[in-house]
Each structure stands twice: as structure tokens, then as C-alpha cells.
Amino acid sequence: MDKIVIKGGQALHGEVQASGAKNAALPILASALLADGTSTYRNVPALADVATMLKVLRTMGCDAERDSETTDVCRVGVNGHITPEAPYDLVKTMRASVLVLGPLVARFGRARVSMPGGCAIGARPIDQHLKGLKALGADIHLTEGYVEATAKQLKGGTVNFDVITVTGTENVMMAAVLAKGRTLMENCAREPEVEELAKVLNKMGARIEGAGTSSITIEGVDGLKPVEHAILPDRIEAGTLLVAAAISGGDVLVKRVVPEHMDALVEKLREAGCTITTEGSGLRCKAPQRLDAVNITTTEHPGFPTDMQAQLMALMSVSQGTSVISENIFENRFMHVPELHRLGADITIQGPTAVVKGVKGLSGAPVMATDLRASASLILAGLRAEGRTDVSRVYHLDRGYERLERKLSALGADIRREKA
């Protein structure tokens with residue numbers, strides 16, 4: 001098992017490139033099930049979660065591989081001989097594995113998918129996925145920890161999500177593209193990754209309108225064809241790199257991003273005192289030695305993303321003043337707070353709200369990552385802390401960040417990966 005070792009105090013400078021978006025790559029890889037033939041995807045990040053999705057697809061009979069360990073190209077080949085089952089030993093490690101459910105029942109008429117696992121952040125149920133598939137005519141049973149869905153032919157219908165769900169929107173959208181007739185989806189997630197999936201499906205021959213808004217209309221088609229597509233940049237990784245510049249008092253250009261996808265974060269960084277400029281398809285963050293406290297409320301896109309909450313908390317822990325951070329998306333998403341306390345942060349949790357009183361400095365200490373974004377938060381805090389910080393259980397980090405320690409090192413951080 002690896003750990004990340006950081007010696008803090010170095011201001012970051014230079015240029016770094018964002019990798020492809022994990023949260024776009026996973027549903028797009030699953031969408032390959034909707035067509036016979038080989039789909040080719042570029043700019044696919046080398047992440048543990050991507051490797052898990054490829055393994056899920058191989059388990060079902062697909063030819064799903066990365067071209068090599070050093071390339072960003074993945075290919076998924078599908079023929080008619082698919083075993084439509086995603087087993088527990090894989091799905092338990094990554095809840096996004098449930099994204100194969102919609103494509104399987106739409107294309108092959110049946111699916112058996114284990115109930116999902118992944119990060120230990122609240123309940124994150126899949127009831128809205130199942131509600132949507134039922135509205136399209138699927139017969140669904142929960143048996144021995146598995147979702148079993150069958151349908152001779154899905155039929156278009158109206159799906160009104162009770163709560164906004166990104167993976168639920170994606171799963172039902174993938175099912176509806178092969179349903180007979182028109183499907184209207186309401187209260188949909190508006191994340192860029194949903195819009196990206198719709199773009200890929202339309203390239204395959206689907207007829208989707210409205211993705212990126214709360215109302216999506218889909219005209220079902222008889223079949224789809226394989227596709228070639230480059231995955232959009234990861235706005236959360238890019239945001240984490242901008243916060244790394246901010247917390248270190250540095251000057252960093254994050255290249256190959258989509259600036260408009262990051263408006264909510266950029267607004268908060270500017271409010272805190274950073275200078276953020278757009279340079280082509282990149283964002284530059286130049287930060288003073290100490291920033292001002294800002295309040296943060298996580299909401300669905302286009303609001304402030306929950307996946308950046310832990311990173312901003314690390315930044316606020318060394319800002320001037322008091323910050324109030326309200327988490328409205330997931331319960332139990334303050335698990336990084338006790339570890340930040342170990343570094344000297346002054347944070348009080350009051351239900352879904354954290355009150356962060358900025359301190360002048362942090363001190364290095366051994367800490368433990370509890371989930372994906374918490375691991376990034378602790379690394380960011382370690383960049384600012386005086387002395388040595390050891391972050392253990394970084395397998396969480398590898399689920400969603402492509403060689404983050406190498407990117408930070410190239411910007412001047414004293415950071416390395418070691419065997420724990």
C-alpha cells in the first residue's frame with residue numbers, strides 16, 4: 001500500500017495539463033454496450049476507477065482494453081454475445097459500475113447488476129435509476145443484493161426524477177436511446193459530464209435534445225453504431241490544481257480545461273483574493289501568501305460542486321477570517337475534518353455545516369485519507385503545512401486523480417510516493 005509524503009512550504013509555479021474527466025469517461029465507456037463493433041476513446045485518464053470499468057466490461061464479454069500503460073486511448077469492442085451481469089466483487093469497489101444497467105437492459109433485454117459500492121459518502125441510493133427504468137417498461141426485482149431488470153422492448157415514457165441525480169440521469173438516458181418512441185426526462189442533472197455523454201450518444205446515432213438542461217427529450221432509434229471520441233477535461237482535477245496554486249501562494253497555469261465549466265469555483269477563488277485569468281483553453285491562478293475566508297454552499301451544477309468542497313475546506317483552514325461551508329449534496333462528507341484537525345486546522349461541524357476558523361499555519365503530521373476528495377484535501381493541506389505530512393490510504397486518490405503527485409512535483413512541490 002502506498003502513501004504520499006509532502007514537505008510543505010513550497011510555492012507552486014509553472015504549467016500543468018488537466019487529464020480527461022473520470023466522471024465523463026465512466027458512463028461513456030459503459031455506453032459502448034449500446035452498439036456492435038469497436039468504439040475508440042481518447043484522453044481517457046489512467047485511473048483505478050477506469051480500470052475497474054474496463055474490467056466490468058471484459059467480465060461481460062467485451063474486448064475492453066487500454067492501448068498501453070502510457071497511452072490515453074481505450075477501445076471497447078462489443079459483439080452480440082454478452083453476459084449481461086456485473087458481479088459484486090467488481091461493483092462493490094466502484095458504484096459507477098451501475099451505469100451498465102441501462103445499456104444492458106436496453107440492448108440485450110436483461111441485466112443483473114450488483115448493488116453498488118465505492119466511496120463511503122452517505123447512502124447514495126439508486127432508487128431513481130430504477131424508477132426511470134420502470135417508467136420505460138422494465139421489470140425490476142432486487143434479489144440477493146442484485147438488481148435484475150428485464151424488458152423485451154423498452155418503451156418511451158415520462159421520467160420525473162424526485163431528486164437530481166447525475167448517474168441516474170445518465171443511466172436512464174442510455175436506456176431511452178433504444179426505447180420505442182419518445183422519452184421526456186424532467187429534473188435532470190445538468191453537469192457537463194451529462195452533456196458530454198449525450199454528445200457521444202448522438203454521434204452514435206441517438207436523437208437527444210436538451211442535455212445540459214433540466215429537461216431532456218429522446219426519440220428512440222432502432223440501433224446505434226460505434227464511435228470515436230476524445231473525453232473532455234476533468235474540471236475537478238483542474239480545480240484541485242488551481243487550489244494547489246492558491247494554498248501555496250503560487251502562480252500556476254492549468255492548461256486544457258473548459259473555463260465555463262469552472263465558473264462557480266473561479267468565483268470563490270477570486271472572492272478569496274486570487275487573480276484568475278483565462279489564457280486560451282487554460283486558467284491561471286496567482287495567489288497572495290494568505291487569502292480571505294469565503295462561505296461555500298454545495299449545490300447541483302452550475303452551483304459549487306460537492307467534489308470541490310474538501311479541497312476548499314483545506315484552503316479556508318489557512319485563510320484570514322471564518323468560513324461557513326454547507327454541504328447540501330451528500331451526508332457524511334466531512335470525514336476529512338478529523339484529519340485536518342491533526343494538521344492544526346480549527347474546524348467545527350454543526351450538522352451539514354462546517355465552521356472553519358482560519359489559522360496562520362498548519363503543522364505536518366501523519367494523516368489518513370477516507371475517500372477520494374478527502375485525499376486531495378489532505379495533500380493540499382500538506383503543501384501548506386510546515387514540516388512533513390504523510391498521507392496514507394492513497395488508493396482513494398488513485399481512483400480519481402492521474403498521478404497527482406507527479407503533476408504537483410513538476411510545479412515545485414516537495415512530494416513523493418512511497419510504500420507505506
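Cβ from N, Cα, C; glycine included.
Database features (Swiss-Prot):
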BINDING   K22, N23  phosphoenolpyruvate binding site
BINDING   R95, R124, P125, I126, D127, Q128, D307, I329  UDP-N-acetyl-alpha-D-glucosamine binding site
ACT_SITE  C119  active site, proton donor
MOD_RES   C119  2-(S-cysteinyl)pyruvic acid O-phosphothioketal
Between K22 (phosphoenolpyruvate binding site) and D307 (UDP-N-acetyl-alpha-D-glucosamine binding site): CA-CA distance (Å): 12
Surrounding CB atoms that lie within 10 Å of the CB of Q128 (UDP-N-acetyl-alpha-D-glucosamine binding site), all protein chains: 21
R95 (UDP-N-acetyl-alpha-D-glucosamine binding site), number of other Cβ atoms within 10 Å: 18
K22 (phosphoenolpyruvate binding site) CB neighbourhood, other CB atoms within 10 A: 26
Assigned conformation of K22 (phosphoenolpyruvate binding site) - DSSP reduced to three states: helix
Cβ atoms near D307 (UDP-N-acetyl-alpha-D-glucosamine binding site) (within 10 Å, other residues, all chains): 22
Three-state secondary structure, P125 (UDP-N-acetyl-alpha-D-glucosamine binding site) (per DSSP): coil
Pairwise CA distance, I126 (UDP-N-acetyl-alpha-D-glucosamine binding site) versus N23 (phosphoenolpyruvate binding site), rounded so that it is a whole Å: 17
Other CB atoms, at most 10 A from the CB of I329 (UDP-N-acetyl-alpha-D-glucosamine binding site): 20
Cβ packing number for I126 (UDP-N-acetyl-alpha-D-glucosamine binding site), 10 Å threshold: 18
When distances run from the Cα of N23 (phosphoenolpyruvate binding site) to each of the binding-site residues R95, P125, D127, Q128, the nearest one: R95
C-alpha spacing of K22 (phosphoenolpyruvate binding site) relative to Q128 (UDP-N-acetyl-alpha-D-glucosamine binding site), in angstrom: 22
Inter-residue C-alpha distance, R95 (UDP-N-acetyl-alpha-D-glucosamine binding site) and K22 (phosphoenolpyruvate binding site) (nearest angstrom): 13
Most crowded position, judged by CB atoms within 10 A, among N23, P125, D127 as binding-site residues: N23
Three-state secondary structure, D307 (UDP-N-acetyl-alpha-D-glucosamine binding site) (per DSSP): helix
